[in-house]
Each structure stands twice: as C-alpha cells, then as structure tokens.
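**Student:** Sharing a structure below in structure tokens format, with a few things to ask.
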C-alpha cells in the first residue's frame, strides 16, 4: 500500500468510507438510510426522516487482515433504503464498485465523489438519485487523507461533473454475450478407483476423467455452461448472456473452469481474468456516439494515463475473440491424496502449470437486458469460427549450458521444457518428446552447492507443437517492448549523468539522444497481418489502430519536446510520461499462445519451475519483432511452487544458464545457425538393465532388458532404424553418466577419510573382531586404516583418531542388534550383538590453486560402465555393494542427416505391436571440442545494515559466493551487522565452453548469500545479492573493477547492502598478480580497488540514553555507549543512574580515524550500549547502526565565521536606513488613554478569559483546506456598530427590510475598518471591553483557516492569525523532527529476521559532525563544531500545557459505529484526563480543553496524548495515541517551546503567552547560534552586528491599537519572526493504535507549550472552550393554502380534499399539525395556526445543534450539527385509511428562497432545485419572512408538479425575546404576538372540535342551500336556466294559443 505491499502476503488493511449525503432520491415522504457492505462486513447510517436530500456525514471503518490481491477483488456496495417500507421493496438505489478500482486511484482515495444510484431489479428505471462518498484504502505506514467537507455554499455544486464516469452518461442497460465454443487440454481431475469396477460390469472404462463446466462472473453475477461429463476436450457451443448496467465500476471478468463431482464439492480446474480496460477504449466525445461514451467507467488508471494528452479518435465497447484463453494453476498430475497447490487454481498466486484453454468470444450490446441467460450457438456462427482453429507447426528449442546451486541431490536431476501440454513427460495424454535433459546426479562443488556435470556435452531439448499463428499480435508486443527497453536504457543514462553531476552540455546530449531514439523507434511501422496467420478479429483491428495513433502522438509530442524543451528535468518527466503511455498499450489481451514452462524434476517429482512468456522467445526475421530472449543466453533463477499460506522458500532450487528459441517449423534452421559454438548431435539412447539373482541376469520384474531411462518403454538396439533422411554415423557405444566418475572428494579442498572397526559377540560372550572388520559407513568391506592411500596432490592434516562427535559411549562405540539392520545407539544392552567405532583422518590439498576440477577418465572397458543400485528408482552409484540388486548402463549411437531439412527429432522404432515403443525419442546434445579456463576474483569488502540473527541483536556473518560450478566462502566476522571482510576469493580454472565474446556480453551471474554462523543448528540465511562480473578477455586489460553497493534481499524484504566487485579473467599468460595475503591463506582486496583512505575527524555529541528496557530481568541504570566505525572505537563515560539523570556528564567525544575519502564507501557507525553491572559484567543491551554518515559531513572550520550569513532572512529583512517618509512616533491622546485604561484593568482583575464557543466537527474535518467565504453583511453591521451604534427600529414585514438591508450592505462594503474607532465623533474614548466583546480564540482559528464568515469581526480588526499545520509540527516546514541539536536513534536487541515491526528497546540522543583533517599531524586541528552552545545536561523542571482542540475521523470502537471519546494525557508518572466530559456518539469531537502538568526534562520527555473511548461497563479502549518528544523541542534552536505570534500584544485576545519576553528570546537565540549580542538604540532601533533594524520598517502603515506592547519588544519580535523559529500554530497529529500499528486511527489538532521553571511563572492559559449554541424559537403561522390539488371525490362526484399542514425541523423531527380544513372544493384552506419549534443554533457556524438519544437504551444524548432545514407538508386527511401526501416544501433557514407576496406569483421556479438564479434570504438575519411558497410532490422526479401554495409567516426569536413575547401553540393561550382569530366562516357541523372553514367547506345533507349553491348550481347552472327558459317559453306559448281567438 504504501509503498509496495506484498500482493500475496496477509497484511493489516483498513478501508474507510464516509457517507456524506444524498440528493434527488426518488420517492415521496421517504426516510432514507444508507447501508455499506464491504467484503464480509455491513454497516449502516442513521435514519433521516422525511427527506429526499439527507445529510449523514458518517464514517465507517472496515479492518481486514488479508492479502491485498484477495481484497482488491471484493466489492463495495452502497445502497440507500427507505426505512418506512418492507425489506422487499425498501431499496431506493444502489451502487457497486470493486476495491481494485479504489486502489488504483491516486493515493488510493475517493474524495467527495458522487455515485449514481440505480435499482438492480429495474434496469429501465433510470437514475434513482445521487450519493456522495469518500473512501480510502490504508496500509501500514500510510497517511490517512482528510475527508474534506463541502462548504455550506455548495448548493450550486454540479453533481454530474464529479461522478465516477464521463459527464452526461446515463445509467443504461447492456448485455455481455459470451460465446463459449470449446475447451482442450484439460487435466485429469477424478480418481480411477471405480473405473476397474465399471470395466468388470460394463466392459468399458473412462479415460477422460474430468467433467468440466465454465462459470462466467462479473460484478457479483455469474452464468455457467452445462456440464460435459468425462470429456477433456468439451464442445459447449453455448452463448452465455449477462445483463449489466452502465456505468459499472467492476473492471474484470472472471472465468473459472470447474470439474463437477457427484459426492464432493466441485473442484476448480483453473481461473483467468479478462481486464475490461484492455479490451475497450474511450473515444473522443466530439466524434463518438453515445454508445461509446459510456465506457468511461471501464477505464482504469493506466488507460486514463495514456489518454491524458491525446485520445483515440474512435472508442469501442468491450469485445474479445474469437480467441483461446489459457488457464494456469497447479501441476497437471492428479494425486489421490489431494493437491497441495490447489489454491493456485483459484487465481491466488502465479500458476505453475498449464491446465487447458477455452475458445471464447465476447460482445457487448447496449439496450435491454437479456431474458434468457444462455442458449445454443447457431450453425452459421460455428462455421465462422472454424477459420480461427487453423494450426501451424512450431518448434521449441532449448540448449542448457550449466545448472548450479542444485537443491535436490537424492536422485538424478533432469529439466523439462514444455509449452502448453506439449513436452509434459508425466502427462500420459500427450506423446513423449525430447523435452527433457538426461537424468544427471548433482556433484558437490566443494563448499556448499551442487551442480550438474554436463562437461562438454550440453543437453538440448526440442518440443514440437501446433498452435494458431498469432504472430501479428505477439510481434507487436515485442516491438513495443523493444521501444520500452531502449527508452529505459536512455532514461537510466540520463539519471546516471544527473547523479554524477556531469556538465549541463553532456546531460543535454544524453537527453537529445534519448528523444531522437524515441522518435526513430516510433516512426517505424507496427507488424501487419500476413497470409497464413490466424484471422484478425475486430479487437485486433481496434488495438492496431489505437497503438498506431498512440505512437503517432508520442512521435509528434517528442518532436515538439526536442524543439521546445528548456531543462533536462522537464525532458525526463516527459520521457517518463511517454514510457507510461507505451507501457499501457504494450499489453496483449488476446495472447492465446501458452507460456513456456521449464521444470526441474527429481525422481519424477516436480521440484521447481520457471515461466517464460512465449512472445519473449518467439522468433521473427525482423529483428525489431523478435522476442527479447529469443536465441539469447539467459540466466534463469528457478522458483519453488508455493501458495500464499506457505512460508516463503528462500533457497534457490537451481540456477540455470540456457538458450530458448520458439518459431515456425520452417524457420528451424535459424536455430541451428545460432549454434556456432558447439556441434549439434542427435543420439539414439537405450539402457541395458540387469538383475542380480544368484548371478546377473537380463530378465527381471518390472522393467524390460532394454528400455528408456524411465523403464516404461522398451527400446531394443537391433530394432532401431534411422528414419528417412538420417543414417547411423557410428556403432553403439557405452556412454556412462559423468557424475558417477567424479571422485568422492571432487571439489573439496579438505576431505575426511573414515573407517569403521566392527566387532561382534555371542550371547553372554566377549567382544571379538567381526568377520569383516573394516567397513565403510554403508557396511561394505573396506581396507584397514594403514592401507588407505593418499591421493596425488593431497597431504594428511593429522593422524587417525576416534570420532567422538557422534552418538557413542566414552570409548567411541555404538551398538546394534544386527549390523545389517542398522539402528546404532550409544548405550550397550545385553541383546546387542554388534558394535562399531569410527576412525577419521583429514587430508587437504597440497596446492589448492593448482588443482583443476576432476574430470572422468576415458572409459575403454564397457564392463566398468555399470551403475548399481538397490532397485530401479533408487540413486545409482559406481561401485557395487552387497545389497545392490540391479544395475544398468547407457548406450548411445549417433545419427547424421542425409537430407537437408529433414526433421532431427522423430520416433525411433518401427511398428512392433507395442504402441508405446513407437513414441520413443532421441537425445539432442551440443558437443564442444574444447573448453576455456577462466578465473574469477571476488572482491568482497564489507556489508552494512544486515539482519540480526542472534538474540543479542547481532549476527556472525559470512558470505558464500557461487559462480557457475564453483563456490567459495569468506571468513566469519563475529558479532557484527556491518562486517568488513576485506577478502578476495579466487576461483581458478573455471571451465566454460561458450565463446568468450558471448560470455563477455552476458556473463554468468555471481550469487552472494549471507549467512549467520551458529554453533548449534543450521546457519541462518540473511539475504542474497546477484551481481554481474566485469569480464576481461585480456588479463592485461587496464580497467579496474569498482566497488559498488549491491542490495541484499531476503525474499521481498531488504536485508542490507554488500560492497563488492567481481572480475572474470580469461586464463592466459601472464595473469595479473594475486592480491596480498592476510595470514596464511586469505587474500585481501588489492589497492586500487580498495577505497582510498583519508584522515577524518568525527565529533560525537553523546547526550544521553532514553527509555531503556530491562535486560535479563534487570533495569538498565548505568549505561555507557560505544561508537565503532571502520575498526576504530571510542567509549563514553558511564551514567551513574538513569532514573535521576539519563544524560552523560561529558557529552563531547572526538575520533581521529582513517576513513574512505569517497562518501560511497563510508562505513557505517555502530552504536552499542552496555550496562555496567555488579561483578564487572558489561552486557550489551542495545545496538543501532547508522547506515550512512553523509548527512553529518561538513567542511572543517579553521577560523570564526559570520553566523548571520546562515540566516538569509535576516540579511534580506529590511534596509539599514531609517525610512524617511515616516514621521517620528509620539503618543497620542487615544493611545495614552487606552494605556491608562489597560493599566486600570490589570489592577482590577487578573485578566479576562475569552468567550467560549464551538466548532462544527463535520465542517472542520480539514480546517486548513477550507475556502475563504464572503462575510455575511450582518456581521459587518455588528462590527460597524462599535463605531456608532444605530438606533433600534421596528422591523417591517418583507419588502422594506430587504431594501434597507441591501442598501446597508453596499454601504458597509464600501467602508474600510481602521483603528481610529477608539475615539468617537464627539472625541470620547470608547471602552476597550466593547472592542473584544465577541472575539474569542476560535475567531483566530477560523481566520487562520480562511473561513472568514465565522470570524468577520476578528478579520476586520486586523488581528494576527496562526499557522495551521496539516501534519505534526516536527515534520512540518524545515524543522526536521527538531533534531538540529541532537537526533534520536532507536536501539535494537534480538533477532529481526522476520520481524517487520522491529524490536526497539531504547533510544540514544546524540549527533555527529564529520570533516577531513590535515594529513600532516603537525598542523593544528580545525575548530570543534559541537562544543559551543552546549546546554547544561542536568534535568530541568518545566510546566507543560497541552491544548487539545479537536479530533478528526476517529476509528469507531462501539458496535454502533461511533465512539465516546475523551482525552488522556500521560507525562512521566502523571496522568490526567477529561473523562467526566467525554463526548458521546461522535467521531470528530471538539474538545477545546487545556491540560497543565509539571515534569522534569529529560526524565519525563515523552508526552503521550491518547484518545480513549468511554465504556460504561468495561474498561475504556484506546482509539489512538500520539507521542511528542518534549526534550527535542526544548533543546531545539527553533524555539519550539512556545510559538511566536505575529505581533506583540500586552493585553487583549492575543496577549503574549510566553514567560520570556521577545528581547530575552532574541538574546538567547543569538547566544546559541554564534550571533552577536543584539544592541538597542532607543525603542525603535536594533543593531545585530553590522545589520540594523528599525521598527518603522516592519510597521510602515501601523494603526494604533491599545493592546500593543512596548516598541522595543515589538521590534525584537519582528526580528525573531525573520528567523526560522516556530510560530504560533496548531498542529494536526496522526493517531495510532498499538493494536493496528502503522494504520492511522484519526487525527488530533492540538499544540503544546513548554515553560521552563527557570524563566519564571507562565501567564494564564488561553481559553479555548468550544463555542456554545444559542437558544432560539422558530414561530410559524400557517395562514392559508391555495391551489392545493384535490385528490378525493365526494359522494356527489365533486373533487375535494380535507387539507391540513404538517411541519417540523429536520433532525429534531417533533412534528406539529394544524387543524383540518374539511371539504375544500377549490384547493383553498384557512388555518390561522401557529407552530413553535425551540432550537439551538450556532450563528457563526450556520448549523443547528440537535441533542437527542439514539434509542431508549442510550445513556447519553448524541449531539449532531445539522443544517437548519424546515419541512412543511400538505396532507389530505382520511378517517378510515392512511392520510394522503399532497406536497412538501423544504427550506434551509439560513439560505431560503424569498417568498412571493401574491399567490399568482408563486410557482416551482421559486425553488432552488428548479431555478438557481433565485434570490435567497437568511432568516437568522432578517428575523421574519412572510408570503407564499410552493409545495411540490417529488414522488416521481420525472413528473414533479406544483401541488399547492402555502401562505405562512416565519419569525425567529431568541430565548429571551420568546420569554418576553409569549405565544401558544395553534390558537391556544396565550394567543398573542400576534393574536390569531379563527377563520370567520360558517361553523362546520359534526366537528370533533371548533374549526372554522370557508363557505365551500360544508356537509351536503346538513346544508341543502349550500349544496344547491356550490354543487347543483355550479355544475348545472345553464341546464337549469335553459329548463326555466323552456318552461317559461312553453307557458307563454300555451297562453298564446289559449288566448288566440
């Protein structure tokens, strides 16, 4: 994480997720809650009632102890639910992303990201809202970022611009279509136990014991194919479909192949991942359709990096294939006992073997999700895919040169090379090929390692395979990698030039050359598809276009860089950017060519492996497209198969030097052309086997008389005929295995001969000589001791003697019942009939340098070539033993080709009825005619910072050096972590057969392994370094090797560094002279290579020791310290008692030593501490090693120097001349009166404290980064009120107030505040207490953070600010941990081989200065640099004040996800806390408390500040702690005791708080830093040496302030502020827990003041108590509603509603309701109803403080800081069912829309959600608002509509004003302020209580007239009028007719 976390090792990881808020959630009247699920843990937020825009601000912590690779695959799901609904339909929306995406972000963090929520069950539902989160992944040592909160003015925040996807993307359904065609090469997965039974009953058996099926997984979903039973090459031909939605944050498709099992859980065959970013690309938004834009969510960091400057013009959706996907995992061989590497099949760790492959095709389609998850693939599609199955023949060749450092020696070792399933000799499903080397016994090299003695016969292997030709893909990768290699090489050259500080011209030349090379390489064409190759699919074409475009853009940018670049640094940065872009496209997602796997086998058991990507060894005729290692020698370091649960295997199983070539069969001649150094030979091979049954016989059980090496295949010599194109070269000959003829002392420089003397006895008889008296250890007859001959070139070291170093009695005898049974014991019993005694005699080489490697003698007699063993399968040896029952010998016959181009590897037998015999294959070897002798000289000088292997904290290190087939060992250095061996190891006569020039180009590596020598047990491994030697073909070459530091690694852990050089000579005359010897047989490092020494002086400030832990159960009380460097040592004096004074009385030490002149070779400083105990014992109790002393190197001082030059700020401060444009200062009347008033106040009181207030913990998560806001005008008016308080006026309702407020704000903004306000217009002085009435310390805090709106008055007065550090003070600016006086070094003790956390047992305080001394001893020494300014080393009494401000993002300790934090301070043996003032249920508490303690420095130097979690029943838990070294701050020259303010104030809120005045501090600083004593001339002039300072220069425009102190003190403070001293500050310290070391548990803002008692009594502490909220009462009068939607139908068919209004403050949730306006027919309702809401509010914070218990069982009320949101809703009342929701209105009282005076002006555009340009008002400023506001129904966001208008009046009163103007709820008494009358309408009958309503509100059956008027007449008016007119007309007509005569 940090740094580089091991991907497969379990580490402690923490994931923090902060849920900030949600917006635009879908639903009406919802109560949302957010639930976060991470891995296997789930946590949820509080429920927010009745809101669509909840604010949570809650942080969740998830702790895991897993490997990062496993965790990165897990998902995080953030879901928002409606708590009012049932679980089935409670989800509003959710969002998922994998942790791998979060880890790939910069800093592994999301800051204020918006997530687009969607419903997984409703793909067509669209967006369900937005969720804002912060998230981070933390590992050990990572610094937790601050989750910065958005400011209160973020209403206009554009959510779309900060989504985790490209802007404008909508959530759209899509479908992944995965076509699964077929699989092949699947391994056996089931047992054969039941196959025999099946064969008995059915007559058939199953050979393909695997039942495969494929699982397709993405984003938590999976689809699987059907199971194909007993089929290792299944054809599924299925189409799997998976629905998903964009954007999705999951970036990998997971493919797993399973084997179905009937009785047990299905086994995993293999796992593979397809990275979405590699198979898709983002297009240019200006030219690509919307279908392609949605891919932004698939793009990871690499893709984004490569798109940073130039996007690909056309993007594409995820697509893949048709192409094979390879699976890797554990070895293919099936075991009945289970697979110990089974977890490799799950994708955990590197797969060690090929396990099959599957032909796939992936398509992505936008639109609807699929209805069916799978279906059959059509025949047309199957025909189309057939063209992708075309295969071509490939040949894989390997030539082995050497194999050393062999770990297995119990049986012959062979190497197998395979590609895919071809070449696997243990897999019976493939025919055997010449894929293995001949089995060879390892030979001891004489020191420690073993090698395979191949000699001049180098084994070769070849594997014939058939694969689809995808050369156009792999050649592209090789071409891009070649560009990267060249670019890496050039960038490294530039870095070396910069490090070597070469001239700028040379650096520029390297840079220009690098750019030119890049332009040339990028100008070349990528490989094209060629006829005969596998067809290119759509993804191939897209990738080709993408890569060409990238190279084109890079070429264009590089050309521009070459012309416009101005600096080397700029060019290097751009080249790094180019490298990242190329690396991002140099990945082939469709690499269907399996990797080449090389195995080391021993007795048919797989021991170690090495994987090579096929494209690295793939041949191409174009050199640019050829693989990196194709046909080139490479040194391969094998690895043991491991799973993550295993301990890492640190031993190298084998180091092999070989060449690998892969290419088409037609290009095989290219491989033969590369073999110019040896003759390629093909040998037929067979083994002659015999059994001993009375005599040696050729017929025996289990193996043919003539067979291959394994004995499985019969190979008869007479039946072997050469194939067409080949012929026999010679007759058959015996070819013995070379290792058998190496003498048992081969490679040894010292060898021990042993002889056993045997005796027997009869029961009860005496011991007598056995029948075979003399034997070897195996019981074979041996000559007597005197007959043992001394080999030539050896000499006896001593005489024969009994070996007592073994289990034996005092005479050396060991006993057993029967000699042939073994089992010897050292104690004699009566039943023991045999005994033996071992005699030993050592011999050594007479001339070690002159003896060559033993070579086997030429064998002429075939009878001497037999190999003997107890049985086949055991290790064979040369001489027959009595127990040997079998023997064999190897026969070879060479063949030569008669036809050019004929295949050289073929089947060797004709058909003879045995099919297995047809599959035999020959051996292929490279025969070298002659060898060359080389000499290696290993110059091992020293090592540093090794791991400790002993309990003492030290090691006894020695080095083993291995080169090729030789090794050597250095001497052992006792008790050292920085050993200096100064030894040269010479390896003579190293035989190598390769061409010298090829060895010069690529020599074998030198392996240096460091061990800790132990007398008992095995030596412990400390680390390993691999180094390339310098090769000299001419021994007279004048070049000299240079000693260099090489890193030592123990696995992935750093284990120190090795200073060494290695030189490889081609043996010739004359050879360079050998280095001089030290003693009799050790060579030292010669001059010219050894570092040049010079006389050096080292000053040591040995100040003291601290916190020493007990050693051997006794305290360390009387320590002394030893300093050792380069073999020189100096010892300090002894501390008498560390409990009284842990400092040394004589702290200054000096060393005059000879050290290397070059810093690179400077040896480390070893600091050892010893405790002086009784009886003269001085045990070492601690050790520290300073790796490099370069940081302490200085120039010698020969004379006194001008110290002012060290402080450039003083030199550049101000002019030495007094400013002429400023008048002399005189005291004015104002300042005189002010000072008199100050004096009076000092006499009357001890000093006034500052007012207390609070900080919003949510808004202050990162106060240093808050943005400066414009001040509210009301705060300006309050400040102006100090000048001339305006008379109070009665507030009008709305319009007049707003106009006056606007005009007043304009006037106030035009005025500038100055300090003349101390005198009024009448000339009277204003009381100073009025000046600072509303100013507290928090005003300074917020002014320093830039949050001006919370401290406007303080800023207008021009007061000082402080520095707010985002880190600990000691790590801020250039304070360097306050180590300027002395540094702190941790002592260690005991082993640290596997302890990542270290084992610190104490500390050393001191420092060093290193400088050269004159070579002439007669010259005077330079001035001592540490002896001046050393303070008294006696303890000092101090008063310490700890100001704890607040904590940020604490780790929760309660099950609720919260904590109850409080502060505990520990200093020495004293502890204080504020447990009684713990803050319940809070993760960002504001403490605002001062703790004062007394201590003695340096005894009580460590100040512990702990944040603990209060628990009612159990003990309190430590959330986190931080440690402050008070001694470093006290001794530092940065004056870190008390921070310096910007100005000197004698009184007021910024009163001087140090016990020393500025003049005293300045004088003390000058004395400690070699500065001249300051001289004051008057009160406004200061001279410091030749520099003069004037007060007017620092205060050119100073305004009078009655709080100012004396002029001379102010001038001294200004000069101090020019110096690099600690200023007044607040530091932010990380908190850590002992339970989770290295992972930050939160932050604490605080500062510490230190007051030494010698400087007097300190001033009173600063009051930093949190601000307290003010009590308010919100009164709301609901007058009327208008245009309310009518949701019900009356019995008469009329639309109507029974309206009432509900309101509450969000967070308080105490709802109030009006009475019901029944039967409203026109949407109008009359209420005259009053709501009253008491509340607590922080005006400066603009937040409402809510205190309430979370649930009934809560002990304390939780304090929440919430925005003051008022919710008003209109409801329809129902008697027998739930009330219907009609509309809602949500107002932020501090930023609410202004109301409208008339209802017709009221509309939805009045709300900020619909109109961002509307006018907003602050009710806390205007106090009252009246008018109409709209209500909307947001149940369906796409169909939001106006559902009513509400007329109401809002009035905000303080608690005092509310008490003076009482008012009742509703219309209850006291019904005043104002008086509310019931609506003057008719009384409604049958009401439950008296309610007035308009005339349209009535009951139809009790008011017939109203029924007729408002219902009948309203609806049927014209019908009634028409009917009456008709009746009248009819009557008139009747009368007319009647009246007609």
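In case you wondered, yes, glycine gets a Cβ from its N, Cα and C as well.
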**Student:** Under TrEMBL, the annotation transmembrane segment belongs to which of these stretches: 1895-1917, 1918-1940?
**Tutor:** 1918-1940
**Student:** Coiled coil per TrEMBL sits at which of 551-588, 589-626, 627-664?
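**Tutor:** From TrEMBL, the annotated coiled coil range turns out to be 551-588.
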**Student:** With DSSP as the reference, give the number of residues of the domain 'C2' (918-1046) in helix, strand and coil.
**Tutor:** 8 helix, 63 strand, 58 coil
**Student:** Could you give me the DSSP helix, strand and coil counts for the domain 'C2' (1078-1202)?
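**Tutor:** Summed by class, the stretch gives 9 helix, 58 strand, 58 coil.
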**Student:** With the domain 'C2' (1078-1202) as the reference, find which of 1-115, 918-1046, 1420-1539, 1654-1803 contributes the most Cβ pairs under 8 Å.
**Tutor:** 918-1046
**Student:** Tell me whether the domain 'C2' (1420-1539) sits in contact with the domain 'C2' (1654-1803), defined here as at least 3 Cβ pairs under 8 Å among residues 6 or more apart in sequence.
**Tutor:** yes
**Student:** If I take every residue in the domain 'C2' (1420-1539) and average their pLDDT values, what number comes out?
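**Tutor:** On average, pLDDT over the domain 'C2' (1420-1539) sits at 90.
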**Student:** Could you put numbers on the helix, strand and coil content of the domain 'C2' (1420-1539), residue by residue per DSSP?
**Tutor:** 9 helix, 54 strand, 57 coil
**Student:** Could you put numbers on the helix, strand and coil content of the domain 'C2' (1-115), residue by residue per DSSP?
**Tutor:** 16 helix, 59 strand, 40 coil
